[in-house]
Ligand SMILES: NC(=O)c1ccc[n+]([C@@H]2O[C@H](COP(=O)([O-])OP(=O)(O)OC[C@H]3O[C@@H](n4cnc5c(N)ncnc54)[C@H](O)[C@@H]3O)[C@@H](O)[C@H]2O)c1
Ligand SMILES: [Zn+2]
C-alpha cells in the first residue's frame, strides 16, 4: 500500500469498489458467487484499509459503508424498526484479540463476558410478532428495508405462527438465520443432476433463492429451517443476550444448541477450537463463530459503525483445502442431454469427509484451470458441499504431461456432441436414442400426473432401456409379450459407471466379492468402509492381508486378487475410485484375454451390464465362470415385480385422453394445456390436423405452442408411436359422457381461486367452475379471465396478477355472477 501513489490508490479504490459491488450484486440478487467468501473478504479488507489511508477517497456509498444487499422488485417491502446490520469478520486470532482490546478500551474495564455461537450460513430474517401472532417476515435487504416474504416463511415448519404464555410482550421482533439443511440441499442437487440441471452452488445460495420464490408451495417442499439469535422490543424484560436466547427457546423458537457464555477472550478461543471440526456434524453449514458482548447495556455503550456493531464480530474458519492427484475425468449425461465432466480424485480427507470426486461444470472450467493428465490439484470444500478444484499445483506437474482433451462424442451413445453458441455446456443431440434422455421422456410418460404407472420407477426403466427393451413409450406396451425374458434381468443402479473412453466399470466391492470365495459381501463392505481414505491400489494390497486374516480359501483367493491387481496395473484404463473396469475383472476370472481384441473392446463399451454381456454379446463362456459372474450382478427382476409392472401398464390404458396427451411430452403442453386441447378437439387426429388459425383461436394458445405442436406432428417417428399406442388401446379421444352443466354462465372463462374460500373446499371450487362451463386453471398466467380472491391470498401472487392485469374478484362477487 505504501508503494501506491495517491493517484494509484484512487484508481485502486474505484476498481475495488466496482468489483465488490459486482460480487455483492451476484451474491445478494442472483444468489451465485464467482469467487470464494475468503477472496471476497480479502478484497473488502483491502478496500477498507485503503480508505483508512486515504479518507479523502472514502465515499458515502462505498461498499465498506453499506450492508451488501438490496431489496428485490418482486415483493412488497417494509422498513426495519431497528437496522439490520452486517458483522465485522476476521480469519485470524490476532485480530480477534485486537477486537477484544477495543472492547475493553471502549468500556474502560474488563468486566464483561461474551456470548458465543456458531455462524450459520444462511439468510438473515426478521419476524415481527404482535399480540403473540406472526404478522410479518422481512429479509435484511439493504439493512433499512427488506422484502416481505411472510407467506414463504410461514412454510418453515418450526417457526411459530403464534406464541402464548404469560410473559409474551405485546410487540416483539426476533431475528434469525434461515438455512437449508445440508441433507435437503444434497437431495435437491441429486435431483437436479439427474435432470441435467446445473447443481446449486451451496446451501446458502439455495436458501436465499428459495426464500425469494414466488410460489410458496415450492418453498414448502424445500424444507427450510431457521435458527434464531436475537430478540428485540421495548419491553422484553431481559438485559443479557444469554437470557434472551433462553427466553426464545422457552417460547418455542428454534435456537442453536451451540450457544455458550464465555468468560473472556481465552474462553472464546477455546470455543472456536472446540467447534473447528465438530461443526461439520451440524445439520447446517456453518462458516465461523459469532461472539457478542453479553450485556445489553454494554452493547449500547459500545455502539455501531455505519455497517457493523462494535460489540460483536465473526471469526471465520478458513475453508479447508487439500492437495490430491487427478486420476481421470468422466462425463455424465443428464436427462436433457447436457454433459457434465467429473474429476475422479485420489481419496483425500477434507473437512470431515473423504473426497473422491469433484465437479468441473463444463469445458470452460477445465480450460480455465488448465488441467493436465495426472496433475496434482487443490480441492476445497468451503461453503460448497460439492468439492471444487481451485487450482493445479504446477510445481508437481510431470514434464510432458498432456492437457485434458474434452470428449467429442457422447459417452452413452457415441453421438458427436454439440455446443450451442453462447452456452457453456456440450449437449448430446441424439434425443431419441441416448439412454439418459430416453429415460427422462419415459419417466415423464409414466409419472403420476401423466399415465401414473407407479410400478415403473427410475431404476426399472433404466434397466429396461439399457437392456434394449424400451426406447419409446410405445415399447412399454410390447413388454407383456416379452414377459418371460424379463425374469432375472439386472436392475442396474450405481453399481456401474463408464470411463471417458466408454468402457463399463463396476463397483470394486462387487468385483472383490466375485473374485473371492467364502467371504461375504457384508465383510467386503466393512473392509472397504474401514479403508475409505486409502487409495485404490493400496486398498487392494491391504485386501490381501484381509484375506489372510479371514482364513478362508486363503491361497486361491489371494492368487486371484493378485492376478487381478497385476492386470489392472498393466492396463491403460482410467482410474476411478471405488470402481474397476469390467474387462479386467473378466480377464482375472479367466473369461477373456488380457489384451482386448477390437471385438471385445466393442462389447465392453456397448453392453450395459454383466448380464447383458453374458447373454447378448455372442461370446461363449464356461459354465463355471457364468456361475461366479452371478456374484457381479445387481439385483434382478423377480416375478412379483414383473407382475406389478404388467398390471400397471394394463391399467394405464384406461387413463383419459388429456393425461395421454400430456404424457406424450410435446413441448409446452403442460397438464392444463393438455386439458384445454383435449376438450377443444376431442381427438388426437383433429388436433394433429388443426390449422394454425384454428389453434390460435383457442383462448390460451399462443405462437410458441402452435409451433411445438406442428413440430411434434411433423415427425414420422412420433406418428408411429401414436399409432402403436392407439393399437394397444390407449385413449386418444375424449369419451363423450355429456356432462350436464348447471349453467353456461362461465362458458370459456379461465378462472383460478387463490387463498382460503368460505363456500368451497379446494376441489369443490374446481367442480363448481367446470359445472358452469368454466375452465379451472392452476397457475397465475396472463390467460386467466379472473382470479377469485380468497382470504389471505399470497401478496406475491396478488402482485403478479396485478402486474399481468388480471381482474381480481371477491368470493361474494363470484357467487353473484352465478346466481
Ligand atoms: N463470494 C462472494 O462473491 C461474496 C459476495 C458478497 C458477500 N459474500 C460473503 O457474505 C458475507 C458478507 O455478508 P454479510 O454482510 O451478510 O455479513 P455476514 O453474513 O458475514 O454476517 C452477518 C450475518 O450473519 C448472520 N448470522 C449467522 N449466524 C449468526 C449468529 N449466530 N449471530 C448473529 N448473526 C448471525 C446474520 O444473518 C447476519 O446478517 C461475507 O462472509 C462475504 O464473504 C461473498
Ligand atoms: Zn448421447
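Glycine too: its Cβ is placed from the backbone N, Cα and C atoms.
Bear in mind that the values here come from a model prediction, so they are computed numbers and not experimental data.
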Just to be sure I read the record right: 37, 38, 39, 40, 41, 86, 87, 117, 140, 177, 316 are listed as binding NAD(+) in TrEMBL. Which of 154, 190, 292 is listed for the same site?
292
Other C-beta atoms that fall within 10 angstroms of the C-beta of residue 37 (NAD(+) binding site)
21
Of the recorded positions listed here (87, 119, 140, 292), which is spatially closest to residue 413 (Zn(2+) binding site) when Cα positions are compared?
119
How far is it from residue 434 (Zn(2+) binding site) to residue 37 (NAD(+) binding site), counting Cα to Cα, in Å?
39
If one measures from the C-alpha of residue 428 (Zn(2+) binding site) to the C-alpha of residue 292 (NAD(+) binding site), what distance in angstrom results, rounded to a whole number?
54
Contacting recorded positions, sequence order - 37, 41, 87, 119, 428 vs ligand 1, Cβ under 6 Å
37, 41, 87, 119
Count, for each of the binding-site residues 87, 410, 413, 428, 434, the other C-beta atoms lying within 10 angstroms of its own C-beta, and report the residue with the smallest count.
87
Checking the recorded positions 39, 119, 140, 434: which ones have Cβ within under 6 Å of ligand 2?
434
Minimal Cβ count within 10 Å, across the recorded positions 119, 292, points to 292
